[in-house]
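A short write-up of the structure that comes next.
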Amino acid sequence: MKRHLNDVVLVFLVFIFGVKLGKGQNTTIQVINVGVVTDVGTTASNLSLLAINMSLSDFYSSRPESRTRLLLNFADSRDDVVGAAAAALDLIKNKEVKAILGPRTTMQASFVIEVGQKSQVPIISFSATSPFLDSGRSPYFFRSTYDDSSQVQAISEIIKVFGWREVVPVYENNAFGEGIMPGLTDALQAINIRIPYRTVISPNATDDEISVDLLKLMTKPTRVFVVHMNRFLASRVFSKARETGLMKQGYAWILTNGVIDHLVLMNGTDIEAMQGVIGIRTHFPISEELQTFRSRLAKAFPVSELNIYGLRAYDATTALAMAVEEAGTTNLTFSKMDGRNISDLEALSVSEYGPKLIRSLSQIQFKGLSGDYHFVDGQLHASVFEIVNVIDGGGILVGFWTQDKGLVKDLSPSSGTTRTFSSWKNHLNPILWPGITLTVPKGWEIPTNGKELQIGVPVGTFPQFVKVTTDPLTHETIVTGFCIDFFEAVIQAMPYDVSHRFIPFGDDDGKTNVFDAVVGDTTILANRSSYVDFTLPYTTSGVGMVVPLKDNVARSSLIFFKPLTPGLWGMTLGSFFVVGFVVWILEHRVNSEFTGPPQYQISTMFWFAFSIMVFAPRERVMSFTARVVVITWYFIVLVLTQSYTASLSSLLTTQQLNPTETSIKNVLAKGGPVAYQRDSFVLGKLRESGFPESRLVPFTSPEKCEELLNKGPSKGGVSAAFMEVPYVRVFLGQYCKKYKMVEVPFDVDGFGFVFPIGSPLVADVSRAILKVAESNKATQLETAWFKNIDKTCPDPMNNPDPNPTVSFRKLSLDSFLLLFVAAATVCTLALLKFVICFLIQNRIILNDEFYRGKRMKEMWLKFMESDGESYISRVRSTCPQVLIQPREEDIDPING
């Protein structure tokens, strides 16, 4: 029945074309033979043949003045590579065709192109899409369609906008299927998308073989597949995928236009198996001409709908007719080859018309049914693709991809101007995914074969982080510690379940690649990242240097001099003399207690000044000015004595703990031994810093480290210990009264969880680490494992000095300078007042000529004698019992 239908179609085409050609023939028209190589007997070929005929009919009807007419010569390739080559040879040798339209497949075209190159006959294929058929192979090959690599950018941007990090290509095992892989791989690598493995399916594979390949996919974690194959193989693959459970929720399938462009040719059962698939479809701008052509085709061939083959065949035929018209009618002959002792291919005649025709084809430009039509380097170039979602028996448009804007919901000018990636909802309309769900697949999940993640746990030095014990009853291995609890919290914070099992091991390098992950106190290092992937760090970073503390204060019999600097001692002593002298000047003329023999006055002066420091002096101060000076000095002495007492108390009672070393440079220069944690990368860091092997001492426990530090280098110990900051926190929690972290000489990224390179878990676990770190859970875990440590000593990273050294500072003159300036000012003003009053009182001596030559002597005598005219003296003379009231201790108990 199928062959009968094909024969009917061919007769119909020949009849129609013969009528058209007969009507247009006259003596001025040159008939040009062209060949058509196709697989007669398929729906796609029949549509193409009908479109070719309609194209010629429309072309010559609209251009009756044309000087040429194309005469089609059909040849059946019989869906075979050799058959296509034989058909092309026959058309060139026997029909002397000037160009060939076809063949249909990539494999056929590869051979036919060689034939066209030999005979200089242009080959125009409207369905061979493999990038392997590069027009650079032959200037006589023209691809009247888009090559498969033109859609890889659209595919990669779909993958990127959904946040998928791994994809598995599933493609046909031939030149057509493999042709897209180089371009697809490059496009995915450019955006850091990993291809962990590939699935290659033979076009001749049985259903059982297809099922086996699909079952292998189920055992892998990746759930995003890019499918590139012909529609016949794709229908079988998706039928088996539905049977094996690969079309359930959580899976994502992306189809190339090799299948999506031909959905109209597929039956309902095949399309139903593809529910939820998204794909790339060639975009054809809607036009009146396209709608008219669709209606005409439906009337002429009602058994099928218009597909890409029909449009491409129509435009390719129009382009060939225009090129022939442009090339003219000269040099239509073939140059015959000597056929003796050579093969049929070598004996091909060479078309003299070919060079002119390819030049004309390269220059052709017009607006066809499929859009703007113009060959660039022998190919058409795509600028827009449609993104479709296979739903309800067809493809629903959900967006577009354009060369300028990337993924957009529509082609309106307001849809965006730059290729920016945000939420997929800003780029595409809602999509129904496999499993009939709107939830976007995350792109991977733990394989459905029941296997648990094998989590390696390195057994370390500090049990607070990882501790491995064995249950005495069940003999079951029990793994605990801060790292383990933190990992469990991270797993709970992830959006899906991850079944896992902890397996302790003794080496944390992770090079064996036996485990699915490593969880423990494993430090993130650059050299390790070359063979594993790390998550974000979940602890503080750095390698700390821990050194002993010692009391550096030497206590002697002269320690009471240390609170004050020599400058302050000198200023204080000098101030006592100055204040005593000023008070004597102000008081000796009005206060009898400051008079008497010179020796008595001098002793009284200094006695008064120094006695202020310990008790109230017995000498009373009478003048107001002197009282101001004394009160000021009282305040200064009070401040000085209180400060001195506090400083001396601190010096006598507090240990002055200072680190024995302050930097790694000092330790390296002194040449003493240092300790490091055994089996740690710290050993390499110390070697790089210049420490010789003989000076490096390993320790296996905090107790051993403390023993080495306590002994010191002189007794077989070490001068410093180097360990990672999290370990320092634990160590100082036990011994912070004796040791201190003084420096972080090496920067590292802290502890992280380890996964194989490319593991899709890394990004999800890192995001979960951030969630836990920002929640109360992290604080609760730290409290549970380090609460006793934090009570004993602060965190060395939050407080880098868990044992702040009580560094003694002597009291200096700078601290009290303002007080001494105030005292000096008061004394100066008091003296100035006294001098002015004294000069006014004795101005007669200064002005009277009687005292000429003896004024200084008289003034001195006046200065030294008592001032009986002063207010104080007059009050004392009238009320001596009030002003001179003896103190009780001065009264003789016998004589009264």
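Glycine is no exception: its Cβ is also placed from the backbone N, Cα and C atoms.
Over in Swiss-Prot, the protein carries these features:
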{"type": "SIGNAL", "residues": "1-24", "note": "signal peptide"}
{"type": "TOPO_DOM", "residues": "25-565", "note": "topological domain 'Extracellular'"}
{"type": "CARBOHYD", "residues": "ASN26", "note": "N-linked glycosylation site"}
{"type": "CARBOHYD", "residues": "ASN46", "note": "N-linked glycosylation site"}
{"type": "CARBOHYD", "residues": "ASN53", "note": "N-linked glycosylation site"}
{"type": "CARBOHYD", "residues": "ASN204", "note": "N-linked glycosylation site"}
{"type": "CARBOHYD", "residues": "ASN267", "note": "N-linked glycosylation site"}
{"type": "CARBOHYD", "residues": "ASN331", "note": "N-linked glycosylation site"}
{"type": "CARBOHYD", "residues": "ASN341", "note": "N-linked glycosylation site"}
{"type": "CARBOHYD", "residues": "ASN527", "note": "N-linked glycosylation site"}
{"type": "TRANSMEM", "residues": "566-586", "note": "transmembrane segment"}
{"type": "TOPO_DOM", "residues": "587-595", "note": "topological domain 'Cytoplasmic'"}
{"type": "TRANSMEM", "residues": "596-616", "note": "transmembrane segment"}
{"type": "TOPO_DOM", "residues": "617-620", "note": "topological domain 'Cytoplasmic'"}
{"type": "TRANSMEM", "residues": "621-641", "note": "transmembrane segment"}
{"type": "TOPO_DOM", "residues": "642-815", "note": "topological domain 'Extracellular'"}
{"type": "TRANSMEM", "residues": "816-836", "note": "transmembrane segment"}
{"type": "TOPO_DOM", "residues": "837-896", "note": "topological domain 'Cytoplasmic'"}
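Overlay of Swiss-Prot annotations on the structure.
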residue : record                      : Cβ within 10 Å
ASN46   : N-linked glycosylation site : 25
ASN53   : N-linked glycosylation site : 24
ASN204  : N-linked glycosylation site : 9
ASN267  : N-linked glycosylation site : 9
ASN331  : N-linked glycosylation site : 13
ASN527  : N-linked glycosylation site : 8
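The average pLDDT the prediction assigns to the topological domain 'Extracellular' (25-565) is 88.
A coil conformation is recorded for ASN331 (N-linked glycosylation site) in the three-state DSSP classification, outside any helix or strand. When secondary structure is read from DSSP and collapsed to three states, ASN527 (N-linked glycosylation site) falls in the coil class. Checking each of the glycosylation sites (ASN46, ASN53, ASN267, ASN331) against ASN527 (N-linked glycosylation site), the C-alpha distance stays within 10 Å for none of them.
Considering only the glycosylation sites ASN46, ASN53, ASN204, ASN267, the residue whose Cα is spatially closest to the Cα of ASN331 (N-linked glycosylation site) is ASN53. Closest to ASN267 (N-linked glycosylation site) in space, going by CA atoms and restricting to the glycosylation sites ASN46, ASN53, ASN204, is ASN46. Classification of ASN267 (N-linked glycosylation site) by DSSP places it in coil, neither helical nor stranded. When the alpha carbons of ASN204 (N-linked glycosylation site) and ASN46 (N-linked glycosylation site) are compared, the span between them is 24 angstrom.
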